[in-house]
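TrEMBL lists 108-510 with the feature domain 'PUM-HD'. Sequence annotations record features per position, and here TrEMBL assigns repeat 'Pumilio' to 178-216, 217-252, 253-290, 295-330, 343-380.
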Amino acid sequence: MDRDTFSDSRRARHFGRSNQNSLSFNNFARSENHRRNLRDTYLSETSSSEYYNTSFSPMNTRNSPAIPSYFDESSTDLSHQLNGFHLDDYNRKMLGTSASSLADSNYLRSNRLSSLPSWALDENREIRCDLTLRKVVEEGLVLSFSMDKSGCHFLQSNYFGENTQNVDPYIRDRVSREVLGSKEVFLTICKNIFGNFFLQRVIEYSTPLEQETIKKYIVSDITALCLDKSACRVVQTALEKLEPRFADAIVAAIPRKNRLMSICTDQNANHVIQKIIKKMPLKKWEFLVIYLCKQEHDNLLDICQDKYGCRVVQTIVEVLSEEAINKIEAEEKTRALRRLMSKILAKCAKLASNEFANYVIQHIIETPGILSDYRNAIIETCLLRNLLSMSQEKYASHVIERAFVYAPLSHIIEMMEEIFDGYVPHPETGKDALDILMFHQFGNYVVQRMLQICVDAVTGQRDTHINGIDFRHKFENWLAKLYVRARREKSRLNRFSSGKKILDILQSMEGYVPTATSFDLHSPFPQVDDVLAAFCPSSLFSPSATTTSNDWTSRTTSISSEPHFDYDFNFNNYQKF
């Protein structure tokens, strides 16, 4: 997969960077431990660890207790009935990722035998085709069916969807009382791997009176539900389907202090926060912006540097940059965005160099409209005068590339001038910034991007006018310098796929200068003036034959880089080889 496709993939945005350097890995480990500590603190305070099985160890090989037959239907003890499902044993089995698939299959089979009565199953241990919803309800099996895979499908196919209007009111009332009659039952179904899907349908087709009960149950244990893999889906559905007054009450119950950090950075709860941001008015979740922008804390930095938290911040930026419906909303969004962006600009250097936070900066740079001014501010305050060092960083180099692609022409010219003419060559080796980046494992992608921009400008695919002044001659000069440098280092470039890419782009350009001097790959490297003469006039180039930006090679190739040196700003002796 090429680099652009990889960067644009949402899944890869968070899981694709496998080759981390030790510093980034240590920072991530500290962030993970911090989030787990916050989560464990909450669980110890609320005494709800049974929902998360915090005492369970994946290495625990203790034999599971024998699973008794289905609970006594005549018993009225709800806790005894719930124990009949062996939910803790089931959750432990699902969490034991090292267990074999055969063991999991056997466990699920035995779990079905214990949760569903034998008369409801056929000879293949599947639900009988002649079983009716009335029979399930009258036998009091709604709870057990909802937490079985096939049973959950049976309930949804017979009670919801196209069949919803045809359900007997008596049956519907009985199902509602079974599910919503007790908070303990409701929370248990919420956290079940199958039951949560059935409960989402219950919420979708609930009445206002039932919604009041649903809201009360969710608010009573909101943090635990948000952190749970299954229950977080129920909370998101409630935010979408409940009446606004009930959804507002759920949002109001979200913790505002220390626990908010664990929610924003949790792999499950972050989806609840994103749902709130996308579906609710700004004034309902403005507390998130306030939390991120606290002066005495680095909440923004901590959340942006998290694998899941960076998506929360990016979602906030996306929503705040969308067009407002009315003037009042526009003013509120502008105010909140200005507050958030001032904090991001203050931490821009750290964010751009982080494994996950760099995506927040990339998003700001590549989004047009209201974020354009903030993109320019990032380039001016963070990137310019730091291009050489940031281009050699694994994650910051992605930000530099995005800046070259989406920056206005005036900023592109400044960035080009800094790379080509902004650093004094090393006094002993004579190497300049271009020498270093061309053979650097990350910097070479920046050089490829610069080369493609020059090609696009020279061939007319990119506008080169500012206030009526044409700057195409600058791009022709930079392209000529790249041409000369590539010919000089041809043997070294041919060793690497990235170097071959540079040579291929330049070779494709040579084919479209029929009247100019032709430079064979084996000929002595030409002077800059000769190359300029060959490249002019620009109209001789054909845009159709140039390489597109989608042809970039992947960063997986390891390239041995040259020793790095510190350079003084104010390079003024470029042609000293």
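Any Cβ shown, glycine's included, is placed from N, Cα and C.
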*asked:* Should anything in the same chain at least six residues away from the repeat 'Pumilio' (295-330) have a Cβ under 8 Å from its Cβ atoms, list it; otherwise answer none.
replied: 14-15, 27-28, 31, 34-35, 261, 264-267, 270, 273-274, 277-278, 281-282, 288-289, 336-337, 340, 343-344, 347, 350-351, 354-357, 359-360, 363-364, 367, 369-371
*Looking only at the repeat 'Pumilio' (295-330), report the model's average pLDDT.*
94
*For the repeat 'Pumilio' (253-290), what are the DSSP-based totals of helix, strand and coil residues?*
27 helix, 0 strand, 11 coil
_What does the DSSP secondary structure composition of the repeat 'Pumilio' (217-252) look like, as residue counts for helix, strand and coil?_
30 helix, 0 strand, 6 coil
